[in-house]
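Asks: The structure is given below, and queries will be raised subsequently.
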Amino acid sequence: MAKTPVRYEPKTAEPRQQARWAAADAFRMPTEGTGRPKYYVLEMFPYPSGAIHMGHARNYVMGDVVARSKRAQGFDVLHPMGWDAFGLPAENAAIERGVHPGDWTWSNIAAMRDQLKLLGLSLDWSREFATCDPAYYGKQQAWFLELLKRGLVYRKDSVVNWDPVDNTVLANEQVVDGRGWRSGAVVEKRKLNQWFLRITDYADDLIEGLKELEGRWPDKVRLMQENWIGRSKGLQMTWKWSGEAPAAAPDGLEIYTTRPDTLFGASFMGVAPDHPVARAIAQTNPDAAAFVAECRKGGSTQAEIEQAEKIGFDTGLKVIHPFDGREVSVWIANFILSEYGTGAIFGCPAHDQRDLDFARKYRLPVVPVVRPDGADEGFDVETEAYVGPGHLFNSDFLNGLEIEAAKAEAIRRIEAAGAGQGATIYRLRDWGVSRQRYWGCPIPVIHCAKCGPVGVPVDQLPVELPRDVTFDTPGNPLDRHPTWKHVSCPTCGGEAVRETDTLDTFVDSSWYFARFTDPAAAEPISRAAADKWLPVDQYIGGVEHAVLHLLYARFISRALSDAGLMSVREPFAGLFTQGMVIHETYRRADGGWVEPTDVELTNDAGKRSARQLSTGEALTIGDIEKMSKSKKNVVAPQEIVDTYGVDAGRLFVLSDSPPERDVQWTPGGVEGAARFVQRVWTEVDGFDPDAPAHESDAALVRETHKAIKAVSEGVSGFRFNSAIAKLYAFVAVVRDHGGAGGAARRQALSALVRLVAPFTPHLAEECWTRLGEEGMVLDAPWPEFDPALAADDEVILPIQVNGKRRGEIRVARGLEPAEVEAIVMADPDVQARLEGQTVRKIVVVKDRIVNLVVG
RNA sequence: GCGAGCGUGGCGAAACUGGUAGACGCAAGGGACUUAAAAUCCCUCGACUUCGGUCAUGCGGGUUCGACCCCCGCCGCUCGCACCA
């Protein structure tokens, strides 16, 4: 009699296995390791917004698959989790609801930790920390002071977005159409003295480092960083004034160019409206002042910049061309950026589109100096600047040279004349880290009228945030706190005040991966622990951090290495950027969004419709979008756990799309995953050691090893969807094979359980126990692939005629092409098909294909 | 504008280095079991077809014995940067 199948119950099994792991403290990794090779898996730690969503879940499940499979493959796996806990939302909650930012944050952390634990992740919770804990940010202050000592931290005036109503600095993203996002006030540009980190010192190193990451980081991310740093090589040079020099630039006008080869094509000079020369003129010349004001008015949105007309103002000043001595007039122009290069350019309209637009408008000369090879003497430029390759003409000693050679020669001549030098410049700016905010890491500096800014002595760290603050008035609560900022100067003992700015939260996330290696260390980073575990072998997170976070972390790692705090300069050896979880949206006739739990979907022969359960109203099925509260298309992990079990949810978020792509959450999809969970259990549960084996067990052994190979490759190559597809197919093979017992079946089931374990760990543990295995599948070795056992004795060779598949033959594996050819030509079906035609050529690819060329 | 990526069934997708296009899942249709339902299982499922085949991986060419894959030219979508001299 067949045994009645027992249903697998995730509701009881999942908590049971989680309790087992917890009781065994199974995921704690000693800092010194256990002697196996190390593997550090890390997912970008979350901001404690209050709830874990499916996007988080997918991210952490991917990391968990890597962590669990690496553990099975014999590694000491470090897999920690923490909280990126400083930031603006906590202050907004304080303003809106009157709660303390700290209380809000810590209660969110508690809630999210519980939600995260439902997912059954193999995390070492003993290493958990939040960046808002003084135990963490105090260490950050310590290394900040070290960088200050080393000159990597400095202060300078910089222009910021200032909200005059809220009395605060706004990030660029917080300025909407020129107004503060919260107050609605017109944002002012204001100069503030701010703290900066010298990331530009590392610009070259950060670019060079990208090369070594080839293959382990997405090309897209490496390219984005390279573009962001924006290195360009060119010439920085000074043009002497013709006549009296303006006081703002007594030595001449300094410009930067990447096209020194086109110097003979210069027809005007341009300076930014903020350039010292422009500002000086605006002070005495009302027309110039009006023009500069006009330029400032221009919007900063993309569309506005794109459409903005190029406008200029002739200053009347003239400079002398370094090569041919002619006078060139100096203009103030709105399209020149004061922050890039020297804020001044030479205009060569023939070979730069912007310069050409400008020259045409103001009727300035357009002299082409480069022409494409093959163009005749009369080569000219009309409305489109020529930026392609070619050779120089109209250029005296540069005539006939190719562009690169001409650049080199022009630079050589300018250098020889002492008028300038070849220079490499960067788009990247130093990192402004000052924030006029409460909920951030205090900058550990004291300002003394006599001694200037003085670092807080290390033995006085951490500089803790005061708890008694109010948010009833705009501005930084630290600034108006009655006592906190008033201290004595550590150097002279005189009256002094604390710095009340806090650090950009990107600083907090720039070194947390190093702190995780020994989160209790007295020093910011334990050298021994960091040297053992870093770099992070596999880092996983959203592509939205491709530039800022990942660039800052690479910079800080280098800076801390140079300061002797750690050794590894490149923190993330491998990076994977995962796609989002998206979901359909549902809308009522009145435009209101409806959440999926309140929607009933019907499918009538392919025609889908939706209605709202609570009202019965018909709904419009809208776009499939990123899950968001505003569109109400969110699915909470808790619901999934309750309905289908964690394992089904874990499986589904990885099964339906490649991990780098977005995955659409569908109820049908999770149900499919839940069915698979049942099928695995049914096969394992149905195993009977006393039952007879199936007679053709060699076939099952082959399929087992093919599955081991495919799943192993899928897991290591981040093709989780393919790995899961192979697992589905393998379970079908096991099921259809027949025979409830036997060694081959036992091996197949044992391999299956270990292969599914990274994806559905709870199910795997239940199965492992059911199979009578010792201990936990968690500690079981990854199944080993044996190519000899996976190989078929025979292969099916498709037979193509002129490249089209026309039939197939079954032959012994490894047969030489000549033998295959003989068999094919003797085959009656082939003969019948070839009747009356001449075979011109036979292509045989061993064990793969046969192609007959007939004509 | 510059840079990158992607276009394959009704849908999500597979196809390793140029070698049987559509694995696996969803949806759909049919059937078995059942008093019935759920659950489960089985079959069909790119298009056309005179049932021999023919056509199919965005479009048009090319290279090759053979192309989703490589090359050239278009079209469409997505992302990043954007007046960066």
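We count from 1, first residue shown onward.
Heads up, the Cβ atoms here are built off N, Cα and C, so glycines get one too.
Features from TrEMBL:
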type: BINDING; residues: A:LYS629; note: ATP binding site
type: DOMAIN; residues: A:41-175; note: domain 'Methionyl/Leucyl tRNA synthetase'
type: DOMAIN; residues: A:226-413; note: domain 'Leucyl-tRNA synthetase editing'
type: DOMAIN; residues: A:428-585; note: domain 'Aminoacyl-tRNA synthetase class Ia'
type: DOMAIN; residues: A:624-665; note: domain 'Aminoacyl-tRNA synthetase class Ia'
type: DOMAIN; residues: A:697-820; note: domain 'Methionyl/Valyl/Leucyl/Isoleucyl-tRNA synthetase anticodon-binding'
type: MOTIF; residues: A:46-56; note: motif ''HIGH' region'
type: MOTIF; residues: A:626-630; note: motif ''KMSKS' region'
Asks: Counting only residues 6+ apart in the same chain, whose Cβ is under 8 Å from the Cβ of the residue listed as 'ATP binding site'?
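Replies: Residues satisfying the criterion: none.
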Asks: Find the member of A:41-175, A:226-413, A:624-665 that has more C-beta pairs under 8 Å to the domain 'Aminoacyl-tRNA synthetase class Ia' (A:428-585) than any other listed stretch.
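Replies: Against the domain 'Aminoacyl-tRNA synthetase class Ia' (A:428-585), the leading stretch is A:41-175.
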Asks: Reported in the order helix, strand, coil, what are the DSSP residue counts of the domain 'Aminoacyl-tRNA synthetase class Ia' (A:624-665)?
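Replies: DSSP classes over the domain 'Aminoacyl-tRNA synthetase class Ia' (A:624-665) add up to 17 helix, 5 strand, 20 coil.
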Asks: Averaged across the domain 'Aminoacyl-tRNA synthetase class Ia' (A:428-585), what pLDDT does the model get? Just tell me the whole number, please.
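Replies: That stretch averages a pLDDT of 94.
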Asks: If we skip the immediate neighbours and take only residues 6+ beyond the ends of the motif ''KMSKS' region' (A:626-630), which ones have a Cβ under 8 Å from one of its Cβ atoms?
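Replies: Distant contacts of the motif ''KMSKS' region' (A:626-630): 53-55, 580-583, 593, 662, 665.
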Asks: Do you know the DSSP helix, strand and coil residue counts for the motif ''HIGH' region' (A:46-56)?
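Replies: Per-class counts: 3 helix, 0 strand, 8 coil.
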